[in-house]
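One structure is given below, encoded as structure tokens.
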């Protein structure tokens with residue numbers, strides 16, 4: 001990488017930068033070591049986010065049991081019809097929430113309550129906290145507070161006396177982690193130029209993959225021990241990470257600039273560039289300022305959402321990306337939960353699914369600058385939909401052994417959901433300007449989480465009829481993915497900072513389409 005020697009001062013012999021993108025490109029380069037370290041630290045939040053998202057797979061499962069009396073035999077599948085003295089768990093009861101609190105004969109609502117509470121907390125937390133990163137707190141502070149709340153609630157979960165307190169703390173946990181992925185993605189990408197924007201955005205996905213992949217290993221090492229220990233193992237590192245974020249992560253200069261805090265933005269750019277300044281300041285006088293006074297966000301935390309709804313083009317884009325995200329969310333969260341319906345080892349199945357994040361992230365990382373955002377999103381959702389429907393259809397086909405094929409199709413479907421999710425997050429960054437970008441991504445993620453709220457119910461219904469799980473998963477992601485047709489292509493485009501800039505670009509794109517049709 002070339003040495004960065006150009007000062008953060010306007011050169012009187014060169015043309016002034018036309019936008020904040022140009023300023024970043026010209027004065028601190030497209031991507032440097034300081035930016036890399038910042039993005040790496042921010043993206044590491046995905047590790048702890050993933051651990052809390054999927055930890056219930058290993059803490060809330062129903063352990064295997066065996067008979068202890070002669071009249072009890074292996075052909076009996078319903079444990080609830082047997083006397084308690086005629087059977088016993090294969091492991092000590094404290095390995096799972098279900099066995100420790102004797103929930104094996106409870107209804108599906110009670111068994112799934114902690115997991116559903118977590119996703120409901122994610123949904124409500126995202127709706128309440130989503131615009132704070134755009135309005136008053138900023139990206140860094142929101143990331144810090146979210147991780148702190150998640151870590152504290154994770155630690156308190158260890159002391160849960162019953163299923164109701166446990167479910168409440170899982171709700172608080174989901175509420176806290178709701179904005180972690182959004183803030184990490186936006187914060188890491190808003191400091192780099194457009195050439196590296198997609199690759200830096202993928203770093204947060206690798207963090208999430210690492211967290212998901214670490215869970216089966218941690219759970220396997222903890223097998224036979226209390227489920228509470230797994231929560232301790234995941235809470236302590238998160239608390240340490242909060243300290244690192246507080247003292248070593250920089251705020252987004254884009255957000256500071258849009259908020260009118262220019263001196264702080266200049267200070268951050270100097271710090272990231274690591275270029276000593278003797279005197280003078282960076283000049284922003286050449287950047288557009290008329291819109292800034294009109295569009296400066298209100299202290300009202302929902303001002304950004306109001307702007308998104310009032311602008312017809314913004315509402316159209318937001319509706320489309322949220323519809324696609326809902327379909328992706330059903331598969332993304334539902335497939336790991338539905339693996340129990342296919343009767344695979346819980347540790348191996350979770351590890352295989354976590355590994356699917358790797359090729360999805362690599363494909364997005366190396367092809368993000370070559371892939372059409374719209375076409376890639378439509379392609380991945382269509383392939384994921386077909387694969388999921390085939391999982392349901394295979395048992396009805398005359399195939400000798402369909403178990404292996406079902407696993408392969410499940411992995412393909414989950415891989416497509418991961419890839420589509422990666423593409424859509426980068427796509428959403430490019431579709432909305434800085435002043436509302438965090439809110440737009442937050443709403444997109446909320447649609448994804450809403451799919452997570454419904455997926456456990458569908459998985460439970462799918463235990464009797466696979467259409468209600470795999471069949472509906474496939475139809476939802478395939479059909480809702482077609483909403484991407486209504487979105488403009490953004491590959492290689494500049495990031496806009498105000499609504500007026502984005503609206504002008506949207507009009508120019510429509511005019512170009514009309515001109516090409518006429519020609």
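Numbering starts at 1 and runs along the chain as it is shown here.
Glycine is no exception: its Cβ is also placed from the backbone N, Cα and C atoms.
Remember, TrEMBL labels are computer predictions, not curated facts.
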Segment assigned the feature transmembrane segment in TrEMBL (from 80-98, 175-193, 251-269, 270-288):
175-193
Does the transmembrane segment (467-487) come close to the transmembrane segment (175-193), meaning at least 3 CB pairs under 8 Å for residues 6 or more apart?
no
Is the transmembrane segment (145-169) close to the transmembrane segment (314-335), in the sense of at least 3 CB pairs under 8 angstroms with a sequence gap of 6 or more?
no
Mean pLDDT for the domain 'Major facilitator superfamily (MFS) profile' (35-492), rounded to an integer?
81
